[in-house]
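Let me begin by presenting the structure, written as structure tokens, before commenting on it.
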Ligand code: GTP
Ligand code: SPV
Ligand code: MN
């Protein structure tokens, strides 16, 4: 120590403000206090702010973000209490190639995740985080995913140096003083979520509106239930309660405890007789979950309400009944394509205000705009990069992964059951992807294992929700490829085992949809959005045992007569293209399924049997 007198002062010493914040912490939770102190010693913030989640705190932070140039305050009449943020152009989406699952063995992370030894990774990250919060405030956000009144609340604490993250977390989760109080009282376990932008400020150095670091690490330690995220301020990289906790860490917990943490929307459907059912849907990122969850039925007498739009925790009662909750309190929705004609429920929620927009375009009168928001394109905008924009600019005004972050309570079709800590009974699981060919509008699986096979081989064209090429077909098991916090083979095995444990009769029925199939001339074969209620009706009536269907090699599919097409404006060619099961197209699918299974390496036997069964049925067709 004597040789290196600066070691204590510079790397572990804490300034008076920080010491004070630790000594006067609003909690006696010993583990939390010790962890915050240790992280402060590592990251060296100028100040610590214990986030209480209050209105006054929101006002203070949003004012500061406006002053810093991170937020633009929107017109108070159009979007009350709402702000637009613009990220660094290199920090616009989840970074899958920089996302790691650090289990003790490489096998633990499996063939689909990036892996590093946890001790090696902690060493690497300690270097990255050392001094990373210099010149900044360390915010400590106590939060709960799901209900604070749950029998075992799912606590987390995010430490972050981003006020944008604090404001976004306040929308997306239940945060602040009430959570900390209960967590302290129960001495509750919490998931440690450490986040830094990785952009320390030297004394006197001027800040930028969107600090971040080109070197990014989104790291999970599932065995320790801990998350370390470095370098990005955007979405799922930084709002750690969402993908990192409620999917990656929670999926590992769910595997240990016998339940499912899934990338699914939850929809409540009520038929004209007043009977309600709940349906969950797993579609990959930017493939229609939020829109399906907020569907406005176009058929007489049917009602749809929303429970969740992105994440579902499915537990099984003693009676075997699957019950599902949405652990989130907000929507972090894709802006482009969200408009009055396609998703009026989202537009109404946003118009209530209290919303943070990121990477959308600004109108000249203090509003926001994105492609697909209105039928008419404004004549002049400021694009997401802050440049003048006109329809002649020849580039999108909003980033394709631009988002709105809005409290879920502002959704006026929110089902009252959203607030039930026990969750709602789940009748059906719908898988879906973005496929131009092959996959028909809807099919029903022959049973649980066949449904697991459909999910395991779910495929979709990639989107702008993650960095990398867009439009490439990839397999995305249960829409969870980027979010499984352990070995994907074990994950599939877990799905099979849950079905065996609960029994076929009690399990939700499984369907597979595709809203994105094209006609030979290139347009969408199916109009989608509200018209998807026709598919919902078929699914509902299949559950009731009242809808017809024909057995195709891939599952039971509706004929035209089985679907309610009253008043639907589609041509015969379009309908044919949407519904067709083309045996040749499906045969061509087999090698790519085999390639995928080869990559997985240890696909559970029942799923391989389903693969063989599909081939047999295709050969007989
Ligand atoms: P994440 O939030 O990334 O998980 O996305 P998501 O699955 O919630 O997707 P979202 O509902 O936001 O839709 C993504 C894009 O698909 C938007 O541009 C929508 O307009 C478009 N989309 C959604 N549903 C349909 C549909 O039924 N038909 C067509 N053609 N497009 C759709
Ligand atoms: C997704 O990509 O599935 C999202 C957006 O919902 S993010 O929160 O960035 O993961
Ligand atoms: Mn999502």
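Quick reminder: no glycine exception, Cβ is built from N, Cα and C everywhere.
Bear in mind that TrEMBL entries carry predicted annotations, made automatically and left uncurated.
Copied from TrEMBL, the annotated features are:
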- 287: active site (ACT_SITE)
- 94, 234, 235, 236, 285, 401, 402, 403: substrate binding site (BINDING)
- 243, 263, 310: Mn(2+) binding site (BINDING)
- 286, 287, 288, 289, 290, 291, 403, 434, 529, 530, 531, 532: GTP binding site (BINDING)
- 35-254: domain 'Phosphoenolpyruvate carboxykinase GTP-utilising N-terminal' (DOMAIN)
- 259-616: domain 'Phosphoenolpyruvate carboxykinase C-terminal P-loop' (DOMAIN)
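Around the Cβ of residue 290 (GTP binding site), a 10 Å sphere holds 23 further Cβ atoms from the protein chains shown. When the binding-site residues 235, 243, 402, 403 are checked against ligand 1, none has a Cβ within less than 6 Å of one of its atoms. Of all the binding-site residues listed here (94, 243, 263, 403), the one with the fewest other CB atoms within 10 A of its own CB is 94. Less than 6 Å separates the Cβ from ligand 3 in the case of 285, 310, drawn from the binding-site residues 94, 235, 285, 290, 310, 401 in sequence order. Each residue in the domain 'Phosphoenolpyruvate carboxykinase C-terminal P-loop' (259-616) has a pLDDT score, and their mean in this model is 97. Candidate binding-site residues: 94, 285, 290, 529. Those with a Cβ under 6 Å from ligand 2, in sequence order, are 94, 285.
Looking at 286, 287, the recorded positions in this record, the fewest other C-beta atoms within 10 angstroms of the C-beta turn up around 286. Within 10 Å (C-alpha to C-alpha) of residue 401 (substrate binding site) lie the following recorded positions from 263, 286, 287, 288, 310, 529: 286.
For residue 286 (GTP binding site) paired with residue 94 (substrate binding site), the C-alpha to C-alpha distance reads 12 Å. Just so you know, the Cβ of residue 402 (substrate binding site) picks up 27 other Cβ atoms within 10 Å once every protein chain is counted.
Close to the recorded Mn(2+) site, the chain also has 236, 242, 246, 247, 285, 311, 483: residues not among 243, 263, 310 whose Cβ is within 8 Å of the site's Cβ mean position. Closest to residue 531 (GTP binding site) by Cα-Cα distance, out of the binding-site residues 94, 234, 285, 402, 403, is 285. Excluding 94, 234, 235, 236, 285, 401, 402, 403, which define the substrate site, the same chain contributes 92, 93, 332, 334, 465 within 8 Å (Cβ to the Cβ centroid), listed in sequence order. Residue 403 (substrate binding site) and residue 263 (Mn(2+) binding site) are 18 Å apart (CA-CA, integer value).
Counting every protein chain shown, the Cβ of residue 235 (substrate binding site) has 23 other Cβ atoms within 10 Å.
In space, 243 is the closest of the binding-site residues 243, 288, 290, 529 to residue 235 (substrate binding site), judged by Cα positions. Non-local neighbourhood of residue 288 (GTP binding site): 432, 434, 515, 528, each in the same chain, at least six residues away, with C-beta under 8 Å from its C-beta.
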